[in-house]
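Worksheet for the structure shown next.
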């Protein structure tokens, strides 16, 4: 199998080189025997424009020809709102714990189970939706997963019993698990090479926006205990209204994607739908060059001529179709651990586990720890006591708890700005290593704090530093894998992260009343391990998507 590409040498050839060379196991997905993809000449501009109109271009060149401008800004806002909606849905549980635990009669172990529950749903949904996105399209999967997230998240507010609340939050988590990895694959496949790192970093900052939105809503709504009425036999209190409002971003995102957003052109080309992909590129060009008389200077696109076989899923008995579907679903996982992909996949498994255990295990408990630090001293100094389930321990609601959560969420901002400015300069690998190491140090210092003010300060430092690691992972995860594996890979690794998040929340739930020093030091050690492991990843700075 060979492709003949004649391109004049340029100074940034190394930077333009794809991260992945040929893979025998992926060859069937992308092969054209002996076909000339495109030829470039060094003639004048007129000849160059004429040449572009006469030849078919690859995906990467078509993205460059479409330009960069208003379309990408609008895309950033829409995808960012979807990313923020996922953050709101996940983090809303942590903000309702200090109050809802009395109404639902929760012990600390129950609270750990509740915070872990949504991650269990995300673990299942992450790979399932990621696989479907690689097979059926990014845009369709985003609409469905965001709808599942929003609908079941809202229904949870009406659950009168803990077990029903737990079940509905689990199903909501299945939806969240789909939209998180798919949104980054979808967004990255519209970006030109030199802008990709900064734009993905900008998209990741909307997680901070969702975090701030959740904290702000909690601060605004939950302390308003007068927001209370009876709905049948249900005592609908302020925290339940907060849960309903947290579902609105997901539902509005699903509506926008269903009405206004195109399918990924990269996916369309891989699926052999060149005409549809060309239409998307023309739409991008028209929006980016609004007011101009120029037209999209490409007459066609080159896409793989061989499509992935799907006919085996259509025939046979129900059992055979199920077995074929299961085998086809597991194929991307096997491909992640073959050849040169294997080492980077192992590293990312370790990194996702370490950062997810640490971040979600600690972050989801910040509001509860702040509440326990209200009497003064460190959070871990005041946890060795039984938590009362009666409403006297939850009401009146202490507004300072939600103010501190809001401040901690807002402290993400410096880290996000830092990432946007330096991602394409330093590269995701270096930022990931440094941020994980600094996060480890900041978590260790939680063990040493003596006052409430010190606790808040260290929490803000951890928030600002750890967000750099997450943003770097978002960039690396999209650039380390080819299109036909990208969403499946992100879904698989986020699934690994969900396992770690579940374990982290259960560990905190079991130990927060007896000895919270143990999980705090464990988090510090895991973040250090992740930072060291990241040194073995390849650099992806300004690399082409494969």
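Just so you know, glycine gets a Cβ as well, placed from its N, Cα and C.
TrEMBL labels come from automatic prediction, so no person has curated them.
Listed in TrEMBL for this protein:
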type	residues	note
DOMAIN	75-542	domain 'Major facilitator superfamily (MFS) profile'
TRANSMEM	111-129	transmembrane segment
TRANSMEM	141-160	transmembrane segment
TRANSMEM	166-187	transmembrane segment
TRANSMEM	199-222	transmembrane segment
TRANSMEM	242-260	transmembrane segment
TRANSMEM	346-366	transmembrane segment
TRANSMEM	430-447	transmembrane segment
TRANSMEM	453-477	transmembrane segment
TRANSMEM	489-511	transmembrane segment
TRANSMEM	517-537	transmembrane segment
Long-range neighbours of the transmembrane segment (166-187), counting only residues six or more past its ends (CB under 8 A): 75-76, 79, 82-83, 85-86, 89-90, 93, 113-114, 117-126, 128-130, 132-133, 138-139, 141-142, 144-150, 152-153, 155-156, 159, 199-200, 203, 250, 253, 264, 474, 477-478, 486-487, 490-491, 493-495, 498
Proximity verdict for the transmembrane segment (199-222) and the transmembrane segment (453-477), three or more C-beta pairs under 8 Å: yes
Intrachain neighbours beyond the transmembrane segment (141-160), with Cβ under 8 angstroms and 6 or more residues off its ends: 82, 85-86, 89, 92, 125, 129, 132-133, 167-169, 171-172, 174-179, 182-183, 186, 231, 233-234, 236, 240-241, 243-244, 246-251, 253-254, 257-258, 261
Intrachain residues whose Cβ lies under 8 Å of the transmembrane segment (111-129), provided they are six or more past its termini: 89-90, 93-94, 97, 101, 141, 144-145, 162, 165-166, 169-182, 333, 360, 364-365, 368, 488, 490-492, 494-495, 498-499, 501-510, 512
Stretch among 430-447, 453-477, 489-511 sharing the most Cβ pairs under 8 Å with the transmembrane segment (346-366): 489-511
